[in-house]
């Protein structure tokens, strides 16, 4: 059972509310709207706002009390934009270019069954780096993900970057199936908590699937300000919520 007092449920998107990069199902959408009648709900994802809309609907800011794309670097509350932070003013152009150039030369040397396009996506709060390229098809995405599980392509890439850019104040975080994020230290999903910690919640629940060390849900999952639940799929999220808030 849930703890008494005002509470907020924060959900990761991919693998938690939806299948990776897929749209939310009608059943899950309806379930969350019912849940919202009992408790405040919010989403926090690494993706940009457009991708969150693609997955959760164009009216996402009306359907959730809080929407935090890019780990909360972009923040919406009660349907209105709260704030937007950007990576270039924080890190400076020189470091960003060094990072982009290094990633592109590393990707050029990696042999994969397939490579597509958009290897680096520049977002407000992070760089998203994909060895196969974000424009791959769903089938190619799954093929890469299966290969990555065996060969640790992303893990090796990240280990190399951590060595190369040690001491530069950067965090490298693997999430989803085909990419990893690079952002300033402290700009992980915990960043979104600054937007909610003064809103009077007694408990902030967090649900995510990449909660292991190195996963992009790990920091917020283990943060003392949250009660974390590790899930394997949207069905799992729903089951736990039903147990907590029935």
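Cβ atoms here come from the backbone N, Cα and C positions, even for glycine.
For residue 12 (active site, nucleophile), the same-chain residues that are 6 or more apart in sequence and have a Cβ closer than 8 Å to its Cβ are 43, 44, 45, 189, 206, 207, 208, 209, 210, 217. What Swiss-Prot records for 12 is active site, nucleophile.
Annotated active site, proton donor/acceptor per Swiss-Prot: 14, in sequence order. Contacts of residue 14 (active site, proton donor/acceptor) defined by a Cβ separation under 8 A and a same-chain sequence distance of 6+ are given as 20, 21, 45, 47, 55, 175, 176, 209, in order along the sequence.
Annotation source Swiss-Prot lists Mg(2+) 1 binding site at 12, 14, 209.
If you look up Swiss-Prot, you'll see 21, 123, 134, 141, 179, 181 marked as alpha-D-mannose 1-phosphate binding site, on the strength of similarity to another entry. When Cβ atoms from all protein chains are considered, those within 10 Å of residue 181 (alpha-D-mannose 1-phosphate binding site) total 25, not counting its own.
On its own chain, residue 226 (Mg(2+) 2 binding site) has 10, 193, 204, 205, 206, 220 as residues at least 6 apart in sequence with a Cβ closer than 8 Å to its own Cβ. Residues or ranges marked as Mg(2+) 2 binding site by Swiss-Prot: 221, 223, 226.
Taking Cβ-Cβ distances under 8 Å and a sequence separation of 6 or more, the neighbours of residue 2 (N-acetylalanine) in its chain are 39, 203, 205, 244, 245. Residues annotated as N-acetylalanine in Swiss-Prot: 2.
Cβ neighbour count for residue 149 (N6-acetyllysine) (all protein chains, 10 Å cutoff from its Cβ): 10. Residues or ranges marked as N6-acetyllysine in Swiss-Prot (evidence: similarity to another entry): 149.
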Packing count at residue 141 (alpha-D-mannose 1-phosphate binding site) (other Cβ atoms within 10 Å of its Cβ): 20
In three-state DSSP terms, the structure that residue 21 (alpha-D-mannose 1-phosphate binding site) belongs to: coil
Cβ-based isolation winner (fewest other Cβ atoms within 10 Å) among the binding-site residues 209, 223: 223
Diameter of the alpha-D-mannose 1-phosphate binding set by C-alpha atoms, the set being 21, 123, 134, 141, 179, 181, in angstrom: 21
